[in-house]
Amino acid sequence: MYFPGIRSFFVQIVQILGCIKDSNMTNLNTNKELTTFKTEEKAPETVADAKDKHKPLGLGGKAVFRQVAMVVLANLGVFSGGMALGYPAVTLKELTDTTRPLYLTASQASWFASINAISCPLGGLLSGYLLDKVGRKRTFFTINFTAFISWLLLALTTETSQTAMFIQIMIARFIIGITTGLSSSPVGVYSAEICHPRLRGRLTLGTSVSTAAGILAIYTLGYVIRDNFRMISAIACGYSVIATILTIPVPESPSWLMMKGRSEESKHALRFFRALKEDEIEKNEEFNKEFSILTKSATPSGNKKDQKVSKIIQRPEIYKPLLIMIGLFGFQQFSGIFVVIVYAVQFSIEAGVTVDPIICAMLVGLTRITTTFLVGYILDKWGRRPPAMLSGFGMMISMFVLAATSWFPEFKVPYLPVACIVFFIFTSTLGLMTLPFSMISEVYPQVGRGFAAGLTICCGYLMSFIIIKLYPTMVSGMGNENVFAFYGVVSGLAVFYVYFFLPETKGKTLHEIEAYFRNEKKVEGDKNPV
């Protein structure tokens with residue numbers, strides 16, 4: 001275990017709060033980020049400090065605590081994006097109830113479920129701009145603010161007319177889509193930049209964990225608070241306010257500061273995440289080596305003439321991983337993963353589930369979040385490629401069995417549809433659901449990382465809109481069993497795509513991965529070098 005004892009745990013909280021108090025960068029009205037920390041007063045060496053000296057830099061108890069704590073705080077905004085994904089599953093029944101004075105038509109309901117996927121690409125592109133322009137921390141504030149506006153609009157939905165209600169709901173869902181797009185890459189990028197390589201695989205999954213937790217939370221609220229979408233939205237709105245406040249202590253990324261030419265602030269920020277004292281920096285070889293690599297990879301903006309997007313996109317370390325990741329997102333979306341999340345209740349009914357559909361949806365959410373925690377361990381032990389291939393194979397089996405229950409109803413087994421859906425979510429979370437989001441924080445170089453990650457998310461959510469919007473049409477035109485089979489075929493093809501194109505990044509530094517795509521150094525484990 002990396003975490004120190006309970007006593008040291010509380011000591012570290014006090015130390016972190018002390019650093020935050022001493023820094024002059026918590027004022028939101030200034031243009032400075034939380035990166036400068038005053039020299040700590042010398043204190044007697046604790047047992048935890050003594051043990052930390054024998055661990056690699058960044059893996060001591062205090063350093064791990066700081067990295068984990070800041071990643072958790074940064075991920076609070078992602079939670080709202082998860083709630084937005086699962087929101088239609090628990091509210092469509094109420095909103096389409098024709099016995100109510102105001103309700104949505106079938107066409108309006110499909111737009112309600114999918115319109116956020118239209119604005120997600122906008123959020124993805126905006127995140128790329130914000131990440132590079134204003135930094136990681138301010139992007140986190142933007143995520144929470146847009147989420148607050150969206151949930152507030154839903155909580156205050158008008159009751160004057162059906163048209164007015166529909167327009168207000170569409171505006172709110174459009175804004176929450178921007179939030180989801182905004183939140184998909186920044187925290188993963190931030191986590192990869194502040195974490196030790198041995199922690200990166202686990203902590204970059206924070207985005208997936210937060211998304212899964214948000215989905216489970218909204219499913220649970222839908223089960224407890226039935227037929228009251230305004231109340232559910234009000235609770236989500238209150239959460240966004242709390243998340244905004246808790247994001248204040250998050251320091252800026254050392255990589256971004258270096259990219260902006262703010263070398264001293266970058267050094268102080270890196271010192272904070274590596275839990276070093278001011279007087280320990282110069283004589284610590286590990287720190288100096290890491291800072292030297294950071295200095296070389298994070299080229300300051302304005303020092304070169306080729307920092308324009310048109311120039312950056314031509315670099316092999318950008319366009320090669322970009323094409324690979326867009327392809328991976330394509331298999332993720334067209335395998336039906338997001339369809340099951342967005343239409344969880346309706347999907348369960350069409351699959352022949354006999355239990356309460358909302359309970360089935362909660363099982364989906366619970367499976368996602370528990371499996372996501374398991375994925376951190378799996379990625380550290382197995383790498384990226386094996387879990388991704390296992391994921392695609394398991395999803396294929398799940399969808400084919402689900403299709404067979406409709407093709408051969410005489411052989412239908414009770415609760416088999418539930419088992420298939422849960423197994424589909426379990427295997428998808430092992431790889432194709434979580435891996436694309438975590439890998440976009442690994443495969444792109446510092447220069448252009450924000451732009452490339454944003455563009456990848458943009459393309460991913462464009463495909464998400466297409467598959468979510470088409471789902472009702474596909475079911476009515478092809479039959480649900482053939483739709484399930486289609487998802488199974490795509491899942492099977494994903495296995496071959498991963499085998500031939502996806503490189504292994506386990507245990508590699510961001511600099512080594514960048515060098516690989518420039519063909520300077522091979523990243524082991526890939527069958528088909530880029």
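Quick reminder: no glycine exception, Cβ is built from N, Cα and C everywhere.
Just so you know, TrEMBL annotations never went through curation; they're auto-generated.
Note that the coordinates shown come from a computational prediction; the quantities given were computed from them, not determined experimentally.
Copied from TrEMBL, the annotated features are:
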type: DOMAIN; residues: 70-506; note: domain 'Major facilitator superfamily (MFS) profile'
type: TRANSMEM; residues: 68-90; note: transmembrane segment
type: TRANSMEM; residues: 110-131; note: transmembrane segment
type: TRANSMEM; residues: 138-157; note: transmembrane segment
type: TRANSMEM; residues: 163-182; note: transmembrane segment
type: TRANSMEM; residues: 203-225; note: transmembrane segment
type: TRANSMEM; residues: 231-250; note: transmembrane segment
type: TRANSMEM; residues: 322-345; note: transmembrane segment
type: TRANSMEM; residues: 357-378; note: transmembrane segment
type: TRANSMEM; residues: 390-409; note: transmembrane segment
type: TRANSMEM; residues: 415-438; note: transmembrane segment
type: TRANSMEM; residues: 450-471; note: transmembrane segment
type: TRANSMEM; residues: 483-502; note: transmembrane segment
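At the 8 Å Cβ threshold, with sequence separation of at least 6, the transmembrane segment (390-409) comes into contact with the transmembrane segment (415-438) through 3 or more pairs. Residues 86, 89-90, 201-202, 205, 208-209, 212-213, 215-220, 222-223, 226, 340-341, 344-346, 348-349, 387, 418, 421-422, 425-426, 429-431, 433-434 of the same chain, all 6+ positions outside the transmembrane segment (357-378), place their C-beta atoms under 8 angstroms from a C-beta of that stretch. Most Cβ pairs under 8 Å to the transmembrane segment (415-438), among the stretches 110-131, 163-182, 203-225, 231-250, 322-345, belong to 322-345. Mean pLDDT for the domain 'Major facilitator superfamily (MFS) profile' (70-506) in the predicted structure: 85.
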